[in-house]
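Asker: Sharing a structure, written as structure tokens. Questions coming.
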Amino acid sequence: MTTHSQAITLAWTGASGAPYGLRLLECLLASNHTVYLLISSAARVVLATEHGLQLSSQPQAAQQQLVKQFNCDPSKLIVCGKEEWFSPVASGSAAPKKMVVCPCSAGSVAAIAHGMSDNLIERAADVVLKERGQLLLVVRETPFSTLHLENMHKLSQMGVTIMPAAPGFYHQPKSIDDLVDFMVARILDHLGIEQGLVPRWGYDQR
Ligand SMILES: Cc1cc2nc3c(=O)[nH]c(=O)nc-3n(C[C@H](O)[C@H](O)[C@H](O)COP(=O)(O)O)c2cc1C
């Protein structure tokens, strides 16, 4: 896998929680990471439904939309198509060591747990698994079926971090943004990226 420690793969899939994915992307770009962004077809439907964002299905056009929205350096955001098999994320020789699927659908959990590699999101996750990198799944579904739980258990045993999109309330959130930031802060913590989005338990509350 690439030694370029400032690169990360972020996948948006079709679970509810588009604001988590958008905010995470914003924070990764702000922390000067190069982001390989993979977007499933269902994720685009969810983005439109939950956020009113009509993202193009063409990777380059989607990249331009997001670069404009986040006012970021275009070279730092690479949007990849779902069958872009020559993307760096598709090979252990070039893929970033870290990947987050946020939000992560139960369907993508199943596909990743079974090594399907049928689209670039599944392939990128499979690469991170085989290369023993860091894979973090921000899963959103409720309730979980036994099948969902079995798939997550399987992945957890392989070292995958299963991080349900389940924000806490002990920081007394005043807005949806506060709840989103709670989750994004935990994700950034796990990735080892400095953040000051929410007060830390036992420190900042005193
Ligand atoms: C608005 C909307 C919300 C959805 N919410 C969820 C969800 O929270 N969790 C989930 O597992 N699937 C959810 N789905 C269904 C998935 O999008 C669907 O299973 C899809 O095939 C997942 O494909 P993907 O993993 O390739 O994105 C939702 C679909 C839509 C349109």
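Quick reminder: no glycine exception, Cβ is built from N, Cα and C everywhere.
No curator has checked TrEMBL annotations; they are predicted automatically.
Sharing the record's features from TrEMBL:
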- Gly14, Ala15, Ser16, Ser40, Ser105, Ala106, Gly107, Ser108, Arg140: FMN binding site (BINDING)
- Tyr170, Arg186: dimethylallyl phosphate binding site (BINDING)
Asker: Between the Cα atoms of Gly107 (FMN binding site) and Tyr170 (dimethylallyl phosphate binding site), what distance do you get, rounded to the nearest Å?
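Answerer: For Gly107 (FMN binding site) versus Tyr170 (dimethylallyl phosphate binding site), the Cα atoms are 31 Å apart.
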Asker: Neighbour count, 10 Å Cβ-Cβ cut-off, for Tyr170 (dimethylallyl phosphate binding site): what number do you get?
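Answerer: There are 11 of them.
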Asker: Reduce the DSSP letter at Arg186 (dimethylallyl phosphate binding site) to three states and note it down.
Answerer: helix
Asker: To the nearest Å, how far is the Cα of Ser105 (FMN binding site) from the Cα of Arg186 (dimethylallyl phosphate binding site)?
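Answerer: Here the two Cα atoms are 19 Å apart.
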Asker: Near Arg140 (FMN binding site), which residues of its own chain have a C-beta under 8 A away, given they sit six or more steps off in sequence?
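Answerer: In sequence order, the residues whose Cβ lies under 8 Å from that of Arg140 (FMN binding site) (at least 6 apart) are Ala15, Ser16, Gly17, Pro103, Cys104, Ser105, Pro164, Ala165.
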Asker: Around Ser16 (FMN binding site), how many other CB atoms lie within 10 A of its CB?
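Answerer: A 10 Å sphere around the Cβ of Ser16 (FMN binding site) contains 15 other Cβ atoms.
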Asker: Enumerate same-chain residues with a sequence separation of six or more from Arg186 (dimethylallyl phosphate binding site) and a Cβ-Cβ distance below 8 A; give 'none' if the list is empty.
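Answerer: Spatial neighbours, sequence-distant, of Arg186 (dimethylallyl phosphate binding site): Met163.
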Asker: Highest CB neighbour count within 10 A among the binding-site residues Ser105, Gly107?
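Answerer: Top count of Cβ atoms within 10 Å goes to Ser105.
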Asker: For the recorded FMN site formed by Gly14, Ala15, Ser16, Ser40, Ser105, Ala106, Gly107, Ser108, Arg140, which further same-chain residues have Cβ atoms within 8 Å of the site's Cβ center?
Answerer: Thr13, Ala42, Ala43, Val46, Pro103, Cys104, Val109, Val139, Glu141
Asker: Can you name the residues of this chain that are 6 or more positions from Gly14 (FMN binding site) yet have a C-beta less than 8 Å from its C-beta?
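Answerer: Sequence-distant Cβ neighbours: Ser40, Ser41, Ala42, Ala43, Val45, Val46, Ser105, Gly107, Ser108.
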